[in-house]
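Engineer: I'd like to ask some things about the structure below.
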Amino acid sequence: MKIGARVLCSLLLAAPGALAQANLTDLSVALYAANPEAPAPPANWEVYRLVREKLGINLRFTMLPTGADGDNRLGALAAANDLPDLFEVRSLALFDRLVQQGQLAPVNSLLPQMPKRTAERYSDARRNLLVTTNGQIYGLQEPVTLSRQYAIWVRKDWLDKLGLKAPTTLEEFFEVARAFTERDPDGNGRNDTFGFGGVIDFDTAGILPGLGLGNHFQWVYGAYGVAGTWNYNPKAFAANLRDPNFRRATEYIRRLVEAKVIDPDWATMRRADLRTRWQQGRYGMFFESVGGLQAGLQNFHANNPGAELLMLPPPKGPEGKSAMGTYSSAGWLYAVSKRAMDAGKGPAIARFLEWAHSGEGYFLLGWGRYKTDYTLPNNVPTINTQIPISVRGSYTQMRWLAFNGNPLEMRGRYPEINVGGRKYVMHQLMAQAQRQGNWIDRTGDLVVKAAANQADIERYVSENLVQFALGQRPISDASWGQFLSGLRNVRFEQYEEAAAKTLRESGYLK
Amino acid sequence: MRKRSLSPGDRLFEWSIDLFLVGVLVVTLVPLWYVVMVSFLPFGKSPSLFLAPWDWSFEAYAQLIFQPTIWRAALNSLVLTLGGVAISLTLTVMAAYPLSRRELPGRNLIVGLILFTFLFNAGLIPTFLVVKDLGLLNTYWSVLLNGAVSVYNLLVMKTFFQSLPESLEEAARIDGANDWQVLWHVVLPLSRPILLTIGLFYGVANWNNFFEPILFLSDRSLMPLPVVLRDILTGLNVAEYVEGTAAQAAPAEALKMAAVVLITLPMLLVYPWIQRYFTKGVLIGSVKE
């Protein structure tokens, strides 16, 4: 009898919980790790509890493997009709494929259900065109918040020591680079410094590398007015590489390489190697982001006492043109699986995203645990750096869903840093890099679908330009003509025609 | 034993062979030496083949070893490796032994079907679908069972079993042993070289397994060492928008090479214990008399 009463009591006590459980919507969310060094959030993460109690959502968060492995995993999940309800896509080719396969749901109906988020993130009709097919918006295309944070940095202490001025033109850049290479600016008596450090890098958030040598050399092409892949000239639309100035820019890079003022490993190094080397003090000038600079300042000043860095505006070319590069205004991209929408999970997804956009959700996802991972002096989120990112980062693995680039956020993420007797106000440097870089908006590039042989096209152009720059092939009328005529072999004309048609249809080329 | 006196020509020939082998040794060792040296590289020094002892820095190792995720990942790798070797060896022996017996009906057909899978792979998506339909996604079983039997290893082991004298088996059968008893008491005790060799093959493959865990596992706490090390190194490249401590504490080159050393070391430590069986096992298994 006693046992029976106990069972009855426990059933009665459990009933409201069971009912609440029944009303919960299961929501699987898969994102790329925001903090690769840190593990996933723990099972007792406050966010899981709050989302369950306040939004009626049983959240299940998984992290996608980085890079192409993440694409492979999403592709496999799609084939198994097992895509997460809400997930991040970093490859536009994969996104297009999922749309074609009918795996994604249009998100038009979600937008009015999350009014604040939509107003601030998804209301740009031009940007939404990037993810629109047959009039339906298939992705939640975020605006970019950290684009255009790249610049050429110069060692001001070396300039002063050698009695030089910061270069403003390509010719001055060449002379300064030569002096940094040949006149022992670090005074160690060894010939171990280089004028410029950059690498072939196509994979940088928010920057469009164009065809050829990647982001770190776009400023040279910008100085000749041919930065980016396309010229966007409505009367004579073509790839920039057909422009005679494209050859002149490549010849300039060849001059830098020939004069040995660029680190000779530039063609094979990775971005991480470049970072190590500028921190070691091997370069007088180098291409780096504000975020990358922030991460390396401590080491840089420890290795180079008395050093001072200055941000250079992009050097001007012979006709006075300059641009640090091209960029897209499109940031992270999220998609909703058709399966989730068919199961009626749309309202729950909108509820969760709206919650993540501001207030409690924004701070919990973006900054972690209040008074543990961060504090809010003067309303500026300030990270507690006493807790290592490998621990703190677990609680902000979903931060990209929350971050929106507001001024206070930028001040929190890019604070004032005092190191080596120098003061760096990182958010101001970020704004300066965006302002003075003369960046060219080429968001339209993203509506151009990749050619079936895109990898062949990119390889052909890149390999040829590397050969020209390294001097493995002399740059002459004959060899350049041969390079241009060889474009036919990779069906480049068709790619150009398709790009022109798509850009005109989408309104990016008028 | 007196050493046979060699003519000057023979001596020259032997010296050239020695010289050649020393050259091969150097060519093999230099990259490994470079990896080890660079893993101790401090900030401010360029990678080189020789690092002064007072320049050595253990920071790259410290950064990797003291990551909170690394020990859990090492445990996962150990489970996947030991479990994988046990499962794979058991299944391979149980398939290779019957296939090595001539009296097995349809033996050639079965071997042919197995060979077919060696030549034609099912592909990523069908494999994923099978794993999913078996309900194995996000469990160790998805990694342990998928590709548990390597056709190459199976054929090597089958050939080894075929090379064992049939008379031993016949003697056991006369004493009343059944198939299981023959396998357990006669065949396996004689097969230590091949078991250790194939076990090492499976062990190395499981220890290095990278693709299957990221495909089949979604829970980060189940990920093995190669995946976690790769994630840490990923942070080196994305400092634009990702915060990381490892890249700020040690040079990128040192971190990469330290990761290579850490992932290679356990297998290098096991290898000498198995080495003496290694050549014997593979060679015996590869020749059918």
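From the backbone N, Cα and C atoms, a Cβ is placed for every residue, glycine too.
Those TrEMBL annotations? Automatic predictions, nothing curated.
Sharing the feature lines straight out of TrEMBL:
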- B:74-274: domain 'ABC transmembrane type-1' (DOMAIN)
- B:12-36: transmembrane segment (TRANSMEM)
- B:78-97: transmembrane segment (TRANSMEM)
- B:109-131: transmembrane segment (TRANSMEM)
- B:143-161: transmembrane segment (TRANSMEM)
- B:182-205: transmembrane segment (TRANSMEM)
- B:254-274: transmembrane segment (TRANSMEM)
Engineer: Kindly say whether the transmembrane segment (B:143-161) and the transmembrane segment (B:78-97) touch, using the definition of 3 or more Cβ pairs under 8 Å where each pair is 6 or more positions apart.
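Structural biologist: Yes, the stretches contact each other.
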Engineer: At a C-beta cut-off of under 8 Å, are there same-chain residues at least 6 beyond the transmembrane segment (B:12-36) that contact it? List them, or none.
Structural biologist: 6, 47, 49, 257, 260-261
Engineer: Where else in the chain does the transmembrane segment (B:78-97) make close Cβ contacts, counting only residues six or more beyond its ends and a cut-off under 8 Å?
Structural biologist: 114, 140, 143-145, 148-150, 153-155, 157-158, 160-161, 183, 187-188, 195, 198-199, 202-203, 205-207, 209, 213, 224
Engineer: State the residues, same chain only, that lie 6 or more residues beyond the ends of the transmembrane segment (B:182-205) and have a CB under 8 A from a CB inside it; answer 'none' if no residue qualifies.
Structural biologist: 81, 84-85, 88-89, 92-93, 97, 150, 153, 156-157, 160-161, 164, 168-169, 172-173, 267, 270-271, 274, 277-278, 280-282, 284-285
